[in-house]
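Below is one structure, written out as structure tokens; comments come after it.
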Amino acid sequence: MCSISFINLISISLTCFLLSLYYLLNNMVYFIEWEVVSLNSMSIVMTFLFDWMSLLFMSFVLMIASLVIFYSKEYMESDENINRFIMLVLMFVLSMMLLIISPNLVSILLGWDGLGLVSYCLVIYFQNIKSYNAGMLTALSNRIGDVALLLAIAWMLNYGSWNYIFYLEVMQNEFSMLMIGSLVMLAAMTKSAQIPFSSWLPAAMAAPTPVSALVHSSTLVTAGVYLLIRFNIVLSTSWLGQLLLLLSGLTMFMAGLGANFEFDLKKIIALSTLSQLGLMMSILSMGFYKLAMFHLLTHALFKALLFMCAGAIIHNMNNSQDIRLMGGLSIHMPLTSACFNVSNLALCGMPFLAGFYSKDMILEIVSISNINMFSFFLYFFSTGLTVSYSFRLVYYSMTGDLNCGSLNMLNDESWVMLRGMLGLLFMSIIGGSMLNWLIFPFPYMICLPGYLKMLTLFVCIVGGLFGYLISISNLYSLNKSLLNYNLTLFLGSMWFMPYISTYGMIFYPLNYGQLVVKSFDQGWSEYFGGQHLYYKLSNYSKTLFLMHNNSLKIYLMLFVFWIMILFSFLLFL
């Protein structure tokens, strides 16, 4: 089943890519209307939008999904339910495709809810308590976005149609469109895990690693970014863009800090995804939707590769994800290590890899844009933190000696897994330049002073040195961090967001409810009122019932007892 799915998906992906090139070069957009039901004067019509953006994004989703399924053939080989796993992944991709090609909020909701439902099934695929909790957190966080999307659909009834694409430019300054835009932004923030809905994304790492490679590169988390790209006109002409810039910038900063304190391999990569999602959202909020789309596509390539390499490492390390137990993997697993390092360097923005073209352009656009000093600081400091945790990850996993048990035998994975990784390695190297020439065919003139041009390079070098220094001085930094335990805990636990959004949301209401129950429902009024009366009467009834059902000797004893009382009464008279 893996091979058939791989061939079908890669064929459709290639077709979509060629069509997107044709549409892009000829500046074409196709609307296809399918009349689902026609009864008297009533008809239900489903509309599909095909332009270069939807087709290109769909081709990337299908390509990554095909390689992930091919990779899963070996990774999930020992799993008895691998066919169920492949079916879930295909349902996930189908939901994403429906969301991509829909210009209608109702059909978008079908794909949106499909993503949420199937992601829950995939997160709880390994059946244990941790997976169940992570799945419930993922589902409930995304429910908020679903409700926001339903409210946006209800508000669009004012227009008589749910095809938002026709109203964006005409109604962009109206209050009703602002309300719809704010609800859609809330939905996108939950799906793309922006503050304050960030806690579900690292928790979703309980899913199998191939799912993480698909979910955190091109499908679930990027659905919110893609939806906001479609609604970019409403964001760029209102205060919603400024609010989104603040929240996404803080998300980027928070995720970068958290990743530098984390030791779980998959969680570090998940936090880096969160940081890059904040980068996409922030540049989108400034009105550069093509640039956000560009970074979304390049990020999909190297992040899927990074997760695949992490899966291969975890597979070899007997399912251990602690980077402190790794080391010297470049000697034992050279091909996997090469892919891992290339994807890490692409994440840092190494020149001429996929991430360089989009990240460098974003930082240069930020430098010439009219934004405040705080946002400027968040952009560049977060970039430095990205390089820092990437170098820290490479240091712990690739250098030195192996820190786990000496009986472990490490080697590169079989060619089935390596072929999937090498396909994405090729795209991570050439994908950035290819997309740059396609999406931005004409050169942009960005005039910057020398110190601003060199600022990006300086921030990356300082970030890399910082990551290396905190890695080699781990014992010293551990002792120092214990002196500032509360600060370390705050920075390393995503600013207490997992506690606030889970335990913190229910602790005080439940505690207050328990107090109310004890004070009123089970308090003194109940004790001296109905409950006490019921308790006394039931006790008396039980005693009488016991006496009534007992043997004959009790009746005789009572008879003798009453006769004695009667005689004593008569004697004293």
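Including glycine, each Cβ sits where the backbone N, Cα and C put it.
According to Swiss-Prot, the features are:
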| type | residues | note |
| --- | --- | --- |
| TRANSMEM | 44-64 | transmembrane segment |
| TRANSMEM | 85-105 | transmembrane segment |
| TRANSMEM | 106-126 | transmembrane segment |
| TRANSMEM | 147-167 | transmembrane segment |
| TRANSMEM | 170-190 | transmembrane segment |
| TRANSMEM | 212-234 | transmembrane segment |
| TRANSMEM | 294-314 | transmembrane segment |
| TRANSMEM | 337-357 | transmembrane segment |
| TRANSMEM | 422-442 | transmembrane segment |
| TRANSMEM | 452-472 | transmembrane segment |
| TRANSMEM | 487-507 | transmembrane segment |
| TRANSMEM | 552-572 | transmembrane segment |
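For the transmembrane segment (422-442), the partner stretch with the most Cβ pairs below 8 Å, chosen from 147-167, 170-190, 294-314, is 294-314.
Remark: the transmembrane segment (294-314) contacts the transmembrane segment (44-64), by the rule of 3 or more CB pairs under 8 A. The largest share of C-beta pairs under 8 angstroms with the transmembrane segment (212-234) comes from 170-190, of the ranges 106-126, 147-167, 170-190, 487-507, 552-572. Sequence-distant contacts of the transmembrane segment (170-190) (same chain, six or more residues past either end, CB-CB distance under 8 Å): 112, 141-142, 144-146, 148-149, 151-152, 155-156, 158-159, 164, 197, 223-225, 227-228, 231, 233-235, 237-238, 240, 243-244, 247, 281. Here the transmembrane segment (44-64) has long-range neighbours at 9-10, 12-17, 19-21, 23-24, 28-38, 93, 96-97, 100-104, 107, 163, 165, 213-214, 217-219, 226, 229, 293, 296-297, 300-301, 304, 424, 427, 438, meaning same-chain residues at least 6 beyond its ends whose C-beta is under 8 angstroms from one of its own.
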